[in-house]
């Protein structure tokens, strides 16, 4: 049995029915318990994105969101969608939408808990994420779950979303565009010289940026992420407008294919279960709802209100899947590129070539490669940040351990181009599932805290009829105790919600 076959078997086991039910079930549970908050408060959430706020933390709420988006919006939006549709047919896109819709409530809960249970060191260094809301929210007897999460979080960064899949997608595009370049033998196999050069340059660029830490990552992300999303969406919109008459048929294929893939693709597509697995697995790869990665960045936001950061966090899933992934998916389905026997980035490239009009069609491969480089580069940066936070939780702030991790991370970036596409995506899926499992368990156990915090916040900051505006500056705001929730001083963490909740203490170095 080959290595690729073994990895595929493990992937199928991890992403079986139980994990799919857990992910969708958790999203449905939070959506209903919070009374469809993602729908009711989405407008308010977008306004919070750009509102400056004081409080503990290292970056603005927008900077924290962009750091999360830099890791979220990556090759999953370009290549992941293509592989999902190729495996499960157009119906896989429906399951991506469904997972993203319910995933917004999960992202909200993650962001809220990340800020509520974060810890601040004496030098202002902020740490937070699932490992802290597991340990501080559930109590030390659950610390084993936090350790499991941190270990798999490091693995996802080193061997999955963070490195292999990103670099491999870039170099696959380079290989397609520069297919006539000379070939060199490396690691016992022949590789395109352009691929080798691209891998070396990308490794060098990542090494330079990572030396700046979270503030540098946030600065780069705030500049690059909005730009790359706008450019990519514009390109996809051109494809959709150029093929607008094909959109109704594409939507029909998506909805019919979600429940009966063979009705759309005959023997090409698998069963409904395959469509679900492909759509949900690639969805969580793309938007990371439930994965537990985004709250690590959310914990760094300068804010005094956990709910406010939770609202900002959930916009990431909306932008990632319901906007960017939808653009890619529709372009692929409309052009029929998914049904041509290609794989990976070549499916999306074919959609661009077929869908773009005139001279843009000839430039499509280069345009896609540029977008892919931006998407993958920022994802690599964001996931290094996540991996280091996981390591800090496991080892403390030991400089030697962090330095060793950075060296290993940069080495993984260098190795990425030389792995097969199938192995790269299956390995990423496996670690994603294993990372999500402890986080989803913790979210369900802490759902009562999320509900109480939410009720308290909107009691103190009620929605106003004139577009859900915040209370005017200087307005008297009743203390949290009057809203039925007890808070401690912000610098000391949040005090227990009830007598059974464990206390949270500020940690020094």
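Glycine too: its Cβ is placed from the backbone N, Cα and C atoms.
The transmembrane segment annotation in TrEMBL covers 13-38 (among others).
If you look up TrEMBL, you'll see 59-86 (among others) marked as transmembrane segment.
TrEMBL lists 92-109 (among others) with the feature transmembrane segment.
Listed by sequence, the residues of this chain that lie at least six past the ends of the transmembrane segment (144-164) yet keep a Cβ under 8 A from its Cβ atoms are 71, 74, 76, 130-132, 134-135, 138, 285, 288, 291-293, 296, 379-380, 383-384, 386-387, 389-391, 393-394, 405, 408-409, 412-413, 415-416, 419, 424, 427-428, 430-432, 434-435, 438-439, 441-442. Look at TrEMBL and you will find 144-164 (among others) tagged as transmembrane segment.
Sequence-distant contacts of the transmembrane segment (191-212) (same chain, at least 6 residues past either end, Cβ-Cβ under 8 Å): 167, 170-171, 174-175, 177-179, 181-185, 219-220, 373, 377, 380-381, 384, 406, 409-410, 413-414, 416-418. The transmembrane segment annotation in TrEMBL covers 191-212 (among others).
Look at TrEMBL and you will find 224-244 (among others) tagged as transmembrane segment. Here the transmembrane segment (224-244) has long-range neighbours at 66, 69-70, 73, 77-78, 319, 323-324, 327-328, 330-331, 334-335, 351-352, 355-357, 360, 367, 371, 374-375, 377-378, meaning same-chain residues at least 6 beyond its ends whose C-beta is under 8 angstroms from one of its own.
What TrEMBL records for 264-285 (among others) is transmembrane segment.
Look at TrEMBL and you will find 318-338 (among others) tagged as transmembrane segment. Counting same-chain residues at least six beyond the ends of the transmembrane segment (318-338), those with a Cβ under 8 angstroms from any Cβ of the stretch are 38, 42, 69, 72-73, 76-78, 80-82, 85-86, 89-90, 93, 96-97, 99-101, 103-104, 229, 232-233, 236-237, 239-240, 243, 246-247, 250, 253-254, 283, 286-288, 347-348, 350-352, 354-355.
If you look up TrEMBL, you'll see 358-386 (among others) marked as transmembrane segment.
The transmembrane segment annotation in TrEMBL covers 407-428 (among others).
Residues or ranges marked as transmembrane segment in TrEMBL: 434-451 (among others). With a cut-off of 8 Å between Cβ atoms, the residues of this chain six or more beyond the transmembrane segment (434-451) that come close are 14, 19, 22-23, 26, 29-30, 33-34, 106, 108-110, 112-113, 116, 130, 133-134, 137-138, 142, 145-146, 148-149, 152-153, 155-156, 284, 290-293, 310, 497, 501.
Annotation comment: TrEMBL describes 467-509 as region 'Disordered'.
Beyond the transmembrane segment (92-109), the same-chain residues lying 6 or more positions past its ends with a Cβ under 8 Å from any Cβ of the stretch are 23-24, 26-28, 30-31, 34, 37-38, 81, 84-85, 254-255, 257-258, 275-276, 278-280, 282-284, 286-287, 289-290, 294, 310-311, 313-314, 316-318, 320-322, 325-326, 329-330, 333, 440, 443, 446-447, 450. A Cβ distance under 8 Å defines the sequence-distant neighbours of the transmembrane segment (13-38), meaning residues of its chain 6+ beyond its ends; these are 98-99, 101-106, 108-109, 273, 276-277, 280-281, 284, 289-290, 314, 318, 429-430, 433-434, 436-437, 440, 443-444, 447, 450-451, 454.
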